[in-house]
Amino acid sequence: MELSLNHVDYLQVGVTSQKTMKLLPAVGRKATQKVAVADHDGVVNCFGMKKGEAVPVFKSLPGQKISRLELGGALGTPQEKIFVCSGSEVRGYTKKGKQFLSFEANLTESINAMHVSGADLFVCASYIYNHYCDCKDQDYYLSGDKINDIVCLPVETVGRTVPILACQDRVLRILQGSELLYDFEVPGPPSVLELHNRDGGKNGEEVLYGTADGKLGLVQLTSSAPVSKWEVDNEKKKGGVLCIDTFDILGDGVKDILVGRDDGTVEVYGLDSSGEPTLRFENVLSESVTSIQGGCVGKESYDEVLTTTYTGWVSGLTTEPQQMEAGPGDEVKMSRETQAKVAALRAELEQLQVKVMQGREKYQQSSQSNTAVSAVPVFSINDRFTLCQDDASYSLTLEVQTAIDNLLLQSDVPIDLLDVDKNSAVVSFSECDSEPNGNFLLATYRCQANTTRLELKVRSIEGQYGTLQAYVTPRLQPKTCQVRQYQIKPLSLHQRTHSIDQDRPMNTLRLVGQFSFAEIHSWVVFCLPEVPEKTPAGENITFYFQNTFLGTQLEASYCKGEGNFKSDNISTISILKDVLSKEATKRKINLNISYEVNEDSVSHTLKMIHPKLEYQLLLAKKVQLIDALKELQVHEGNADFLIPEYRSILDESACLLEEYKKQPAHLERLYGMITDLFIDKFKFKGQNVKTKVSQLLEILDNYDLNSLMDFFNDA
């Protein structure tokens, strides 16, 4: 069965956070549902639809930014009380808009995740989880990394309180009271949790999770251990998952999974007879989807997928047909309802045009006045700077509540800008004086009209660290600009992992000195991405990392006065040694540095680089041949006389050129890694081999793995 859904816009509120829109339970069997949505202006807006018009039920007064909206009520009754959190306060409203609760959690940080179940309230702020029952403190837990979301298994089914925390370090933590019961490792940083079928499935133990790198999964959390049911990979490189819901939109009696992503993709997954998900519908909006719900809003008997986007648009993908088809000579009769809708839209358009004219006149008068004061318009930016595992690049996503005019990128470290298919902005590069000012990149993106979201990809070089700055200018008067800064770390292409292969040949770096646990942790945070800024609880800690470009690994374990770092890549150890000693010198701390170099690790790293280098050399060779082969083809009239290998190069020429264009400076990067490996190997022996680099490059031009390894051994 093919699913056909039509897009309709209902209402626009202010900028919204993740999970701030819910549908209230329907009163009758076929009645439409009311929508409750909260925004950054601190307003809770509840409305219903009547004859195609949004009719307000209630609207609260503005206040502090609202970060979550949940529904609650006594267990076993319809969940129709609205709970919102802003700052460290939780407020409760009845479905008519009367405020019945104002609870101050007295947390030092703002609440960023919340769950309500009967008289139980669960809140999370950065690293802290708190459980309150009837507004009295019950349980407390300090997580090892930032908490992104929280959900609880249904008490009425499971018979006990089981909170699940989605933590940034790729782990779901399952709690019992104030203690950790067990944890479950997920393939990416989990960004959202939702109960399967809204009730946890048959046993009330099934939880859906979405990750920041776009993966989706289902796990059964039994009382003793987790059981992974299925996992959907993000093969098409879609955005990260921001919201999930379950609702039977296909009408086959099985609840489907609705997914909203940060690149504007809305997906519907149907479950087959074996319970495996298959994609049944996809629609792309122009901005990130912060909330998603399945229900009946616009017209009774027509189900729909309701979404809220970052800039506050509440819109539906409805099963109600939105257009009529007519053949030649057919009369199209508009219903009274449609005629009224068109008339209302025309009237609204005229009102808006008058408002714009008045606003322009007022602005012209005030801009020529001597007494008027120019105020900088405030606008909010939603930005993400995340490492993509598949192509070892950083994805920078910027979303603004109004249209972006232009974006200027500036970097004080060498980085490559990669092509992004979704990006339609025109980019131009400016000359940089990299030597005296340390300015390596100046690029301007000029956006097309009504672009509110921009996605860029950059790739850094490990060992070179600094700051990438983005200057965002929206189409606002007077012209104003906001600057965002992103740190490029010394080991920027490393990603946290749960375990490493201990059988690889490892190099070791050991630091001993008069430093505290907090100091060495701050140095590790400075060097590596995905490390929590807060100093871990306890006296020592071990982190595992993997290089997303090469697949080499790193183990970092440290405590007060001592740090041990192990890696199968000698260049990683060399970068750590240089950066850590520089940081210690800044703080006037005397370090005793010792290291053990494993000779086998160099050939092991070269073997890991080999397939990538071979592939890139072959690609470069094929691309060089394309023009000559095309000329031959034109000259001879066809390509039948060519050998099959050359014919396949001609057939695939478009793909080859596309791939070559997508990987700028890829070969140079691999050459650079091998050169660094060569210099670092001998640096640890106290030898300077920079004079032999030209010989090394000659060998790389006529590449052969064995001759390269011989050169490394004989130098």
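Including glycine, each Cβ sits where the backbone N, Cα and C put it.
Looking only at the domain 'BBS7 beta-propeller' (21-319), the predicted model's pLDDT averages out at 90. According to TrEMBL, the domain 'BBS7 beta-propeller' annotation covers 21-319.
The coiled coil annotation in TrEMBL covers 335-362. With a threshold of 8 Å between CB atoms, the same-chain residues lying at least 6 positions outside the coiled coil (335-362) that come near it are 51-53.
For 377-486, the entry in TrEMBL reads domain 'BBS7 GAE'. Mapped onto DSSP classes, the domain 'BBS7 GAE' (377-486) shows 4 helix, 60 strand, 46 coil.
Feature annotation from TrEMBL assigns domain 'BBS7 platform' to 494-596.
The annotation domain 'BBS7 helical hairpin' is assigned in TrEMBL to 599-712.
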